[in-house]
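A.B. asks: Residues or ranges marked as transmembrane segment in Swiss-Prot (evidence: sequence analysis): 7-27, 47-67, 84-104, 116-136, 185-205, 225-245, 319-339, 416-436. For 188-471, the entry in Swiss-Prot reads domain 'ABC transmembrane type-1', with the evidence type sequence analysis. According to Swiss-Prot, the domain 'ABC transporter' annotation covers 504-740, on the basis of sequence analysis. Here Swiss-Prot flags 539, 540, 541, 542, 543, 544, 545, 546 as ATP binding site, drawing on sequence analysis.
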């Protein structure tokens, strides 16, 4: 809001507030002057103190207005920082007005003074307006012309207001979370019905308990006592039955919510671009998918159930409390604003802690996942104890945050518990006074005390609900952060021709990984893959060979240049079609915890078993598969753990061949095979794939030398192209690599794909 509007509105209200309060005070004290009222002030009879409270809040608003007017940049920030001050002032004045009403009721029974009621009502209207005006002044936009020059420069660096406040963000997250329950509207209606029935039944129990006591103590009638007891029994049975149904339905609703959330999150994750998985660790993503979604559904289901139940109960309890004694009801409600404020402060702090705990748990989960998935490596270095220590340190970080949560909860229980104790003692004392003075019966007092305990339990539950909801909302924000994330690389191509020759052209390709923005992996790389020909990529480790494979698979966007498939950019092809016509067999193939048949036919909707067997035979996998106990139905285990390295590579080769792909990529695909198996695979490549485009990355000379074209890469550039004999005749890098390998002077890594280029979850190959 603009500065001048906020100032005018605030000053106008202050004038109206002072005039109205003063007029009411004057008309209510026509029989004595102001000085006489001050000299002989009587708290039971005078409203001078309420008039003074009006002047005090007007002074606060005037000071806030001047501060914002003199410095429209820093002033609103200071007002936001002093929210607690205005809250406490309004809270104190509101409670004092209730006390004033009770004091007046002791000397004027009933209170029929219209001026007192006018001032009492106006006090609460003015308090609400003062609170809103304080908020209005705190929202004056920085940069609005101020009365004092230089104020804007003083506030440089003031944070923008584009981000919604935490309360608004939490409310939006909760609303979004509940929107996922729309398919269960019928269940929600049924659960709400039984919730209302159960809550109303529980609400009537204290009332009829009081009737039973009055039947004994006052009427001394066994009939009235028996009738009240029967009603209490029926109410208890009915409410228990309804509560059971309510709980069961709510549990079902939020179990369905959990499934829905996990499904949406998983679908969002698998649709992200490949670089997303380079930047986010697997353990963090798994933590979001498992622990966070479970926490969201469990906490939200439990707390919404409790919140709705207690809201209905509070409504009924308040009605009965006022019907029994409005004076005791006012005493009761004096303490609840304090409890609500304490709950609000605690809830905000707990929400922040909850986010930190979830992040710490995700880091611990990532450490555990990394260690367990690489257990053979850990054991080969005898590093079990050190890994356990690392995991323990991560858990200790979680424990430190848990201690903060425990301390915060302890202080919250102290504050709310002491406030409730003060309220209960006040009710007991003042209620005894009302019974002795004949203003209420002993049965009504006992019923009221029971209602007060019920109300206290409800408010305590609502307080814990708030902290629980904040914890659930904190986890939900992280879940929705991934659900709502739009991939930066969208696979929206639509080309899916019936016939594809398989010609691939790299034209001046320049490429940089997002995780290494200052390092160009490929620089103006150009070469072609021809149909029916085998092309080999050769070069030292880190030269960019596997990056070419990643680009051909359309895993990453290009920085410059383009990659064409049959003359069309690969990004123009349909995602499923592209990966059906281009098949990759990597050095470390990944098999899924499924049968061998399912692994070979992975990604294809329907594949005849005969085609699976034929592909396995071409990959020299059929023999060992038939030797397994369950043959093609054998479960490969997690990541193919039940198979040897060579067996996994042959199954992966069969998975690629079953597609009969126009373009086949072999990235170190025979590195784990023995000489005989490699020979058979080579025969399959050169003998059965004449009409296919084959790209090979290999370190063995026997694999490379038979290629129709060899492309030599060095430091991201193409330095040589030609056949094996041509490149040897030219000399240069290729000849050096061959010579060193033949003489045993260079490790085989010279011809490898290099293990520094990005693959999933942050490991890089170059």
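Any Cβ shown, glycine's included, is placed from N, Cα and C.
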A.B. asks: Count, for each of the binding-site residues 539, 540, 542, 544, the other C-beta atoms lying within 10 angstroms of its own C-beta, and report the residue with the smallest count.
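C.D. replies: The binding-site residues 539, 540, 542, 544 were compared, and 540 has the fewest Cβ atoms within 10 Å.
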A.B. asks: In the same chain, which residue numbers or ranges, 6 or more beyond the ends of the transmembrane segment (7-27), come under 8 angstroms Cβ to Cβ?
C.D. replies: 47-48, 50-51, 54-55, 57-58, 61-62, 64-65, 68-69, 115, 118-119, 122-123, 126, 129-130, 133, 136-137
A.B. asks: Pairs 6 or more apart in sequence, C-beta under 8 angstroms, 3 or more of them: is that satisfied by the transmembrane segment (319-339) and the transmembrane segment (225-245)?
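C.D. replies: Touching, no - the transmembrane segment (319-339) and the transmembrane segment (225-245) miss the threshold of 3 or more Cβ pairs under 8 Å.
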A.B. asks: Here the binding-site residues are 541, 543, 546; which one has the lowest number of other Cβ atoms no more than 10 Å from its Cβ?
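C.D. replies: Lowest Cβ count within 10 Å among the binding-site residues (541, 543, 546) is 541.
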A.B. asks: Please report, as numbers and ranges, the same-chain residues at least 6 past the borders of the transmembrane segment (185-205) whose CB is under 8 Å from any CB of it.
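C.D. replies: Sequence-remote neighbours of the transmembrane segment (185-205) are 231-232, 235-236, 238-240, 242-243, 245-246, 249-250, 252-253, 305, 308-309, 312-313, 316-317, 320, 454.
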A.B. asks: Which number gives the other C-beta atoms within 10 angstroms of the C-beta of residue 545 (ATP binding site), all protein chains shown included?
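C.D. replies: Excluding its own Cβ, residue 545 (ATP binding site) sees 29 Cβ atoms within 10 Å.
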